[in-house]
Amino acid sequence: MNTVDTKDASTTANTMNTETGISAASAHGEAADSLDSRFTAFLLQSQALKFGDFTLKSGRQSPYFINAGAFNDGRKIATLGAFYAERIAASIAAEALPSDIDTVFGPAYKGIPLAVSTAIALTSMHDAQIGYTFDRKEAKDHGDGGMLVGTQLRDGMKVLLVDDVMTAGTAVREVVPKIKAAADVEIVGLILAVDRMEKTKDSDRSAVSSVEQEFGFPVIPIANVREIFAAAEQMTDAAGQPLLSADLAQRAKDYLAQYGA
């Protein structure tokens, strides 16, 4: 059983984010050092957060888009893992998560680098032996076989899920039965990069709220979309111009007024 120390939780993410062109230092006051502000700066620099006109899978017209596929090199995914680790440490300190997490589980395929980078960051930051695990889309019938790769699950383990952005909770609903079939483990929570805070098509509740109620574990984002927009409104570019125009900020607020949960 491994224990994550919650001291100096922000060190790695803060250090690894210092070379981003759009930085939290462009924000004003103490907010520049907040997790929301630093993570927003990282999303913008990585082009994982874009502003404009986008048609989502749901058919909704959104003034912003979050693309986790933009975390496509070693520096970005290492920095992202550090942000996940920082949120995990903060959640442990707030007693929303236990400190004795055994393995970080990422649903294939996008969750694989998230699980690996988060486990590395946790191990590096807290000198704790944290495993990583992910599933195969199809069972392997040769070699090591099975549906899971990485740290093998055993009865009594505490498993923490990681994913990028939750739209309907489909990935969670697919992977939880696989985890439970492998061993009698406790799923202690799910960490997301971003909570879009939107109603699902058939409910006034968000996908996050639905998953929490269905499975009984907390779903915790590094930041939610309202926090991200609040941070972006305080940021400027190298020329001192606002990164987020008043028009775009209003469009985002109007969108959330219509679709927000």
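Backbone N, Cα and C atoms are what each Cβ position is placed from, and that goes for glycine too.
All TrEMBL annotations are machine predictions without curation.
Annotation comment: TrEMBL describes LYS57, 109-110, 136-137, LYS140, HIS142, 163-171 as 5-phospho-alpha-D-ribose 1-diphosphate binding site. Counting every protein chain shown, 23 other Cβ atoms lie within 10 Å of the Cβ of MET166 (5-phospho-alpha-D-ribose 1-diphosphate binding site). In the three-state DSSP scheme, MET166 (5-phospho-alpha-D-ribose 1-diphosphate binding site) is classed as coil.
The feature orotate binding site is assigned by TrEMBL to THR167, ARG196. Annotation note: ARG196 (orotate binding site) sits in a coil segment as assigned by DSSP.
Each residue of the domain 'Phosphoribosyltransferase' (85-218) gets a DSSP state, and the totals for helix, strand and coil are 47 helix, 40 strand, 47 coil. Taken from TrEMBL, the feature domain 'Phosphoribosyltransferase' applies to 85-218.
Residue density at THR170 (5-phospho-alpha-D-ribose 1-diphosphate binding site): 11 other Cβ atoms are found within 10 A of its Cβ, drawing on all protein chains shown. The Cβ of LYS57 has fewer other Cβ atoms within 10 Å than any other of the binding-site residues LYS57, ALA168. When the neighbouring Cβ atoms lying within 10 Å are counted for each of the binding-site residues (LYS110, LYS137, ARG196), the highest count belongs to ARG196. Cα separation, ARG196 (orotate binding site) to LYS110 (5-phospho-alpha-D-ribose 1-diphosphate binding site), rounded: 17 Å.
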